[in-house]
């Protein structure tokens, strides 16, 4: 049983400084919002003798908040080259440097009387999250045995959700969310980084990376022995050698080469659709609404932070559940179910919001909708989306695929964060219509075009997509119809 212990510990060591940080840093910024805005105003007053106008404070605040996704975008772009040149494990370790810089900046921002340091620190935190969101699922899925691959790569989503919840807890007034302690709250993300720096070096690098990228068979075998113990490695090694032979003589691809390659058309379309949908489906906006809806439901103002922790825990519970069932249920049913349910709940939610003032029990319905929506998101889209790029691309395209995926994810996070307040203003109760459309379109795409990848080797998955990519070519000679129709699908 030692080897499964090593695999579990590897997952924890990678997760705590990896996607855990993404969730944690998204949620710790919510608690000290008003204190940081006051701090901005006071520092400006001290510097210039003139207080800031409220809309300028709001602008500065939105800069601070959007520095995070911009950092994430930067991180997603550098993650590809890092994973190829430094390896998966080394990249995760080096990635902690960004968090340590960020913690230093935000921790000393009040002493230095500079709110610009907070903005800069959010940017560096974002870079860290961008790198880990791309490299951690890649590292874990490459290290896991085939039958556990989905579950192991999915732990990334569980660590994100765990980070969210812990961030909400640490941000409570009783802990670090008070007026005096917010610099410590923002700098607390240094703790997971230090844990990872002490733990991860003891665990092996991704065996696939060692064999296929480095061509180092001995290290690969010793890494496999560490991860699998003394179980028979010949079948797994054979599979890896077959994959090595399939990509022989190729070098790691760049993102733009993926777009030019007709053999990767459907894989690329699938991850573009799914990673865009993951942010555009409105799950993060539910958190935005949570406080307002809970207030309407008559929950006292000072108790709301505790109920919001409930919403975070929802995501945690479902992503752990999803972990347990993904390798039985498969990827498609979870994605399909998740998006169909979200579409359903979005409709109910909009009806409930519009009747909020007329019918006395409506606020409770909209409260239930928030939980249901987050649960539906957690059971499929939240985790499966991150696993797919590892499964549908080969070793040489994988880092580039994650760069595309990550860039889309962060760009859309930025887009939704910036646009949502305006959507609410213009559409009022029907602000979920755009999200509803996204959910329905994604469900259709998954239903019609995404093959199941459960329990297949990376080569088998490549073969399945090859059939799809070149199926169009065989018909195209006689009949030009489906080509045009296909393009309007999106």
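Each residue, glycine too, has its Cβ placed from N, Cα and C.
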*Looking at the candidate ranges 151-170, 211-230, report the one that TrEMBL labels transmembrane segment.*
151-170
*In TrEMBL, which of 304-324, 430-450 is tagged transmembrane segment?*
430-450
*Listed range which TrEMBL flags as transmembrane segment, given the options 29-49, 92-112*: 92-112
*Identify the transmembrane segment range according to TrEMBL, selecting from 274-293, 334-353.*
334-353
*Could you tell me whether the transmembrane segment (400-424) and the transmembrane segment (182-203) are in contact, taking contact to mean 3+ Cβ pairs under 8 Å with a sequence separation of 6 or more?*
no
*Take a look at 56-80, 118-139, 365-388, 400-424 and tell me which one has the most Cβ pairs under 8 Å to the transmembrane segment (92-112).*
118-139
*Could you tell me what the rest of the chain brings near the transmembrane segment (365-388), counting residues at least six beyond its ends with Cβ under 8 Å?*
133, 137, 141, 149-150, 153-154, 156-158, 160-161, 270-271, 274-275, 277-278, 281-283, 286, 289-290, 293-294, 296-297, 310-311, 314-319, 321-323, 326, 331, 334-339, 341-342, 345-346, 348-349, 352-353, 356, 442, 453
*So are the transmembrane segment (118-139) and the transmembrane segment (430-450) touching or not, going by 3+ C-beta pairs under 8 A with a sequence gap of 6 or more?*
no
_Please identify the stretch among 7-24, 56-80, 334-353, 430-450 with the greatest number of Cβ pairs below 8 Å relative to the transmembrane segment (400-424)._
56-80
*Averaged over the whole of the domain 'Major facilitator superfamily (MFS) profile' (11-454), what is the pLDDT?*
89
*What stretch, picked from 7-24, 56-80, 430-450, has the most CB pairs under 8 A with the transmembrane segment (334-353)?*
430-450
